[in-house]
Amino acid sequence: MIPSAPGLLLSLLLLPNIQNVAADPIHIPLSHRARTRIDPVAEAHRLKLKYGIISANASNVLGARRPGKRASSSGIPIINSQGDTSFLGTVNIGTPRQRGHRYDAEQRNIVDDDVALRPGGHRALLAMLGNYARVTVSPSVPRLGSSCFPLAPWTPQSFNVVLDTGSADLWVADTDCRNCPRSQTVFDPSKSSTFSESTASRGVTIQYGQGAVAGSVASDTVSMGDFTVQKQTFLAVDQVSSDLTEGSVQGIMGLAFGSISSTSATPFWENLANGGELSVPEMGFWLQRANPLSTDEEGPGGVFTLGGTNSSLFTGDIEFLDMPSNIRPSFWLLNTASITLNGQNFAVPRTEALAAIDTGTTLIGGPTDVVTAFWKTVGGKPSENNPGFFEYPCSTSLSVTMSFGGKAWPINPRDMIFGRLSSTSPLCLGSVFDVTGGTNIEAGSGAPNWIVGATFLKNVYSVFRASPASIGFGELSNAAGGSSGAPDSSNSGSNSNDNSGTTGQGGTRSGAVPLTMSKLAMPVSIMGMIAALFL
């Protein structure tokens, strides 16, 4: 039996206020897409642009394309797209309008009517009545009446976005997108009752290594898992370079700090943390390696945990290392201590130690001198056709570890192979490339000399903690496939004092969001802007 309107309104008023209660973390499962051949030159180019290592003028203009290539608890899966290239999660944007029917007294017929599902009032009552509602003949104010008409089902607008700790903006394409593929899922502002566009912020561009996106700064309700932010700022994109929306990629969710946001927005995760809605201000990642034998377009990509960690995915303690204290939080940064290859240690000079830990990046980029010495150990030579990369015999045994001042974490040899030069070639390209060649990164400029992506992160459970600003790594549990060997606590390298490390269990309950991987170019950070981040 449906209660009367006054009775239903009274019951709504008596509902407890739970808005200010901190939610338990959420765990988000990830998935992946079948691996496609990636242009290593384009990959290196976009990373140099992303971190301000080269000028944005070196990037393609909007619309340009590099030939043939581009880049309580609740569980949410991650998607692994294009074989460990990117990892995506699903976000919902907007407050859906319910399409129903009403009788138009003047026209004497039944017409469609959009009813906004706003919290409170008659519109909320209509939403709560389910698929059928008694509506009035009045064309202006919906009220309970005598005629029963079907309503369209409630459907949120959902998007697969790259989860990227190397950028800070959220964007999705909208219905005004002029050059989006027909298959592209786009955001329709007219279907959201809470959408607001900033008319003063139109024509905003976010530059990427392989192009750009442009659009208008807007705000709307954004949710991921069990978490929701009202009036979250994002870029509603109406122009996008063709390579940025390949496959199931429908946007980017930046998870770095708001100081590097191109839209001057506070990122989704920071809004949650600032509002006290997270159990702890942490984000945990298990990036699941793609099955090399699978031909599926996408597959499981691990779990993203927002508001804590997932203790079932790691064993032992999380080793936290503090971010450099002389730089305002921007990217997620650590100082690299050393990298080893087949037992030989390559200490990293302090002036070349700064590293960005980036879930939106596939490879590991490092300074020229260290990377050259690293590959020389196994007879690696610079690739003529792929500047910055090194070729080595595919049959070579590679035992690699990386340290950021604490434990030395092993990397699976499989992850060290970026790709075979051709199906018949005995040579492979390595996954560690020279990111600083041909550039002049000044010590203390704030631009990282290292960019550490999925090649390393697939081998650890990683945690990004806002307060105190730090990054933690843990050994993967058997449930997460296990790590590539136990970390070595004795081989921490020469920069062991650069990051003050703390160890914590970090096994709190949390929530997970489903992710997807895709090949996507990431935003540019100009050198001067990064230098300004110093305190």
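Glycine too: its Cβ is placed from the backbone N, Cα and C atoms.
Just so you know, TrEMBL annotations are computer predictions that nobody has curated.
Quick caveat, the model's predicted, so the values are computed rather than measured.
Taken from TrEMBL, the feature signal peptide applies to 1-23.
Residues or ranges marked as domain 'Peptidase A1' in TrEMBL: 147-474.
According to TrEMBL, the active site annotation covers ASP164 (among others).
According to TrEMBL, the active site annotation covers ASP358 (among others). The Cβ of ASP358 (active site) lies under 8 Å from the Cβ of ASP164, THR165, GLY166, PHE331, TRP332, ILE451, VAL452, GLY453, each on the same chain and at least six residues away in sequence.
Listed in sequence order, GLU391, TYR392, PRO393, CYS394, ILE417, PHE418, GLY419, ARG420, LEU421 are the same-chain residues at least 6 apart in sequence whose CB falls under 8 Å from the CB of CYS428 (disulfide bond). Feature annotation from TrEMBL assigns disulfide bond to CYS394-CYS428.
Feature annotation from TrEMBL assigns compositional bias 'Low complexity' to 482-502.
The region 'Disordered' feature in TrEMBL is assigned to 482-511.
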Express the predicted model's confidence over the domain 'Peptidase A1' (147-474) as a mean pLDDT, rounded to an integer. 90
